[in-house]
Structure formats: structure tokens, C-alpha cells
Amino acid sequence: MAAKEVKFSDSARHKMVNGVNILADAVKVTLGPKGRNVVLERSYGSPTITKDGVSVAKEIELKDKFENMGAQMVKEVASKTSDVAGDGTTTATVLAQSIVKEGMKYVAAGMNPMDLKRGIDKAVVATVEELKKLSKPCTTGKEIAQVGSISANSDPEIGKIIADAMEKVGKEGVITVEDGSGLQNELEVVEGMQFDRGYLSPYFINNADRQIALLESPFILLHDKKISNIRDLLPVLEQVAKAGKPLLIIAEDVDGEALATLVVNNIRGILKTCAVKAPGFGDRRKAMLEDIAILTGGTVIAEEVGLSLEKATLAELGQAKRVEVGKEETTIIDGAGDTQNIEGRVKQIRAQIEEATSDYDKEKLQERVAKLAGGVALIKVGAATEVEMKEKKARVEDALHATRAAVEEGIVPGGGVALLRTRSAVSNLKGDNHDQDAGIKIVLRALEEPLRQIVANCGDEPSVVINKVLEGTENFGYNAASSEYGDMVQMGVLDPTKVTRYALQHAASIAGLMLTTDALVAEVPKEEGAGGGMGGGMGGMGGMGGMGGMDM
């Protein structure tokens, strides 16, 4: 085991605070509408230019191991806030730095770190309660667009495209972001349920212009096994032919004489049909067939539940207003399923999302919810260069997270005003002793910090602006983009309550841990010898991992 170096009390805290300051100072210059850019070196290709706090934080690794510990703990604040709320990373970093800086002064003066932490925790609880009182629901498209614009560093075009996407696929719909091919941002919407399986034979195509099989008001047969024998299918085909409607068959596979018979009937115009493979694999396939059954008001004909293909009736078939089957995808529009059943299914999948441990499973379950709840929207980000594309895409993703958070928990006035307005609730708090009172004071000071930084990044005087904002009430604040005072909500400067709340809670949590830290343990750096050089060289290979994130 390698030898360790241990630092205690003041010298340990001093090193840790240095690390916090280096990381926070690099991140906080990006805060606000006039935030500055940070250029990140890439081991391969051109450097990345960003105004996204968490991207900057993730890049920072310090040479001094003790300073690096402090930096990594603040990095945790940024990435945790980003994971849960999707935005607010820079605000969280600014708050954490302020709480640590102020707190360390009190610790150096001999106050009890545990009592300071208790005071900080009390103040945070009071602030969160006050934020909830200030919060208003975010319902209109205009408000959603405003939240998106602010989060995308005051880009109204991004806000608008996100609001349009949410309007089209609903608040719960899946919205994905990908690289576009032009200079403009584009929005593409897929209505209804779409899955990535196309027709099993091109002879099913009945719309030559679009090269798709289009079925109007079809019956939908769902089967979890392979269909090869036409005898199994005949009874249900006869019933569908009598009803005079088209038929879509979704099964594990359809081949042999069954497929040949369907194709011949289709060409001769006796029965309009189309066959596709069921989406997914294994257990996921069963679940998706069940989803389609609930969406279309049908039943999956499976031996497990005692149903067989030859005894299937029209009552077991699903129905939809329209089905479009392309070469590689099938879209079911306006399924005839019962709304309550669909809602119940969505609730059930949501419960599975809560329990899912892997990101992949969560993503797949989320897709299933979207397909049931109203469709998928695709935002294609346009840009002139690859560097701009990456930066813009990151901002669109941030804005998307922020708008979801706003819809979930509501909105508060932005630009650091909401935190400033909670000061009255915090200043009335009393701790159990003098040290806890000091902890409350630390948070009081930290609540000003985001606004201070926004104003500083604009090149204005923070103290003057803060005093003027404190003279006003409720939504009155300073719009840094236009350098004017007024009602922040009317000016469209809004923050999601969830983002502001998480930024403060995560910042206070990590800062509290730092204040109560009394020893740091790190490996003693190895002497650079003949063998050491080789180890260092191999370490450089770690940079290759970064290539995974590149758009090749």
C-alpha cells in the first residue's frame, strides 16, 4: 500500500478552500445573460467554447491532491444539480463557494463547525419553504418559452422551439435533441405511437408516392409468437374480411405460406393487410406488445393467458384511426384504447422508472411513457460549425431540462431575485446558540451571491444593484440583459423553482461537509524516477476516453 500524506485542521481546510475557489472562479464567470465564455482544450480537434457551468466544472482537475479534493467536492455540487434539475449548476457552485468561504472564517475564529452546520441547515429549510410560497405554476406556452430562453443563455429562438415541442407532444412527451443538417433549428414531430419495425414485404405498399402501407381504421392483431401456418390465421382473416376493414398484424415474425397468402390477398384487393415484426426483444418485446394492446384497445393473443390464434375473435383485436407502415418504422395514430387504461399503464411504467437502476432501462421506459402519452418531438440543432453545434446542443439540452423542471414545480422570478426575496424569512430565524446564529448569517450572505455575480459579469457595481433590488418588493429585480430594473416576471426573466431549490440544497449539503472536515488524506506523490516516467505516459492514455464524447 502506498504511503499517505495527512493534513489536519487549518492547513487541511486552507488547501481545500483553495481548490474550491479555483473551480468556482472558473465556473462563475459563465453566470447570467452576459456571462463570459470559457475555452476548454481538447486532446483531439479544436477546443470547445462554452458558457455551460457544468461543462467547465467537469474539465477541472488540479495538480495538488489536497486542493483537488476541494475542487472535486464542488464539482459534485454542479453535476448533482445538473443530474436532478438539469440546470442551475453555476448558481449551485456560486452558493457553495460563498457558504464555504464565509463558514471557514467562522471556523478559523474558533466557532463549533457542527453548530455552524446546524444553523446553515435551518436557514436552508426556511429558504426552501419561502421559495415554495413565491413559486407560481408554469402553464402557458409563453412562460415555457421564457424559461427555456433564460436557461439557453437568453436565446429566444431555443425557448420558442422547446415551447412548440411541448405544445405538440404534451408536457410528458419525449423530446430528443440531435444534430441538424442546416443552419436553422428544426422541429420534427411524430404523432401517435411509433416503433422501429417496418413492413415484412414491399408488396404491402399501397401509397406509391410515400412508399408506405397506409391503413385507414384498421383492426390490429397482436401475437407474441411466429406465424407461419395460414390455417391458424384463416378464422380471424375471414371475420376481418366480413367487417370490411384492413388488418395490421404485429407478431414475433410472419413468414412462409402465411406471409405469401397475406401478400396475394393484398395484391388482389381481397383484404387490405400489412404484417410487421413486434418491436424490442425478450421481455421488452412482451411489454411493448402489451403497450400497443392498451393503446389500441386490443389483447395480446398469447398462450400464456390461454388465448390461441385460431380462436381469436374481433373483440380481441385492437383498432386505430390510421396506421402508417414504412420501410423501417410503423406509426399507430389515434388508438382506440380506453383513456383510463392508458393512464393506468403510464402510471405503472412511471413506478418502474423510479425503481430502475440503469440509465439505459430508465431511458427505454421513458420512451414507452412518451409513446403512450402523446408522441415524440425531435429538435434538430442547426449551426455553421461543429464547435458551435456542440455548444448550442448543450444549451438546448439545458433549456429542455429547465422547462421540464418549471412545468413540474413552477417558476420564481429569475436573475437571483427569488433567493434575495427569501432573506426576510431567514433573517427572522433564531438558532439555539450563538454559533448556530452565525450559520444562519452565512446563508443570508450566500443568498445575495448569485445576483452579485450576475451583475459583476455585466460589468456593473453589485452592491448598488443589490441595495436597489432590496428596496423593491416581490418580483422587482434587475434585468442584466437590458440593464434595467422592473418586474422580472413581466420581463420574462424566470427560473424554475426546482432548479433554484436544488442548487441551494446541494450547495449547502456539500459546504456543510467541508466545514466539518478536520483531516485530509492523500497518497504521497511518487518521485519521478526511471519507472515513473512510463507510468505517467500511460496515464495520458486516459485522454483517449474523452474521444467517446466526440461526434465523429
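Just so you know, glycine gets a Cβ as well, placed from its N, Cα and C.
These come from Swiss-Prot:
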type    : residues                                     : note
BINDING : 30-33, Lys51, 87-91, Gly415, 479-481, Asp495 : ATP binding site
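Structure coloured by features recorded in Swiss-Prot.
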residue: Thr30; record: ATP binding site; Cβ neighbours (10 Å): 23
residue: Gly32; record: ATP binding site; Cβ neighbours (10 Å): 27
residue: Lys51; record: ATP binding site; Cβ neighbours (10 Å): 22
residue: Gly88; record: ATP binding site; Cβ neighbours (10 Å): 32
residue: Thr90; record: ATP binding site; Cβ neighbours (10 Å): 28
residue: Gly415; record: ATP binding site; Cβ neighbours (10 Å): 25
residue: Ala480; record: ATP binding site; Cβ neighbours (10 Å): 25
residue: Asp495; record: ATP binding site; Cβ neighbours (10 Å): 30
DSSP output for Asp495 (ATP binding site) maps to strand
DSSP output for Thr30 (ATP binding site) maps to coil
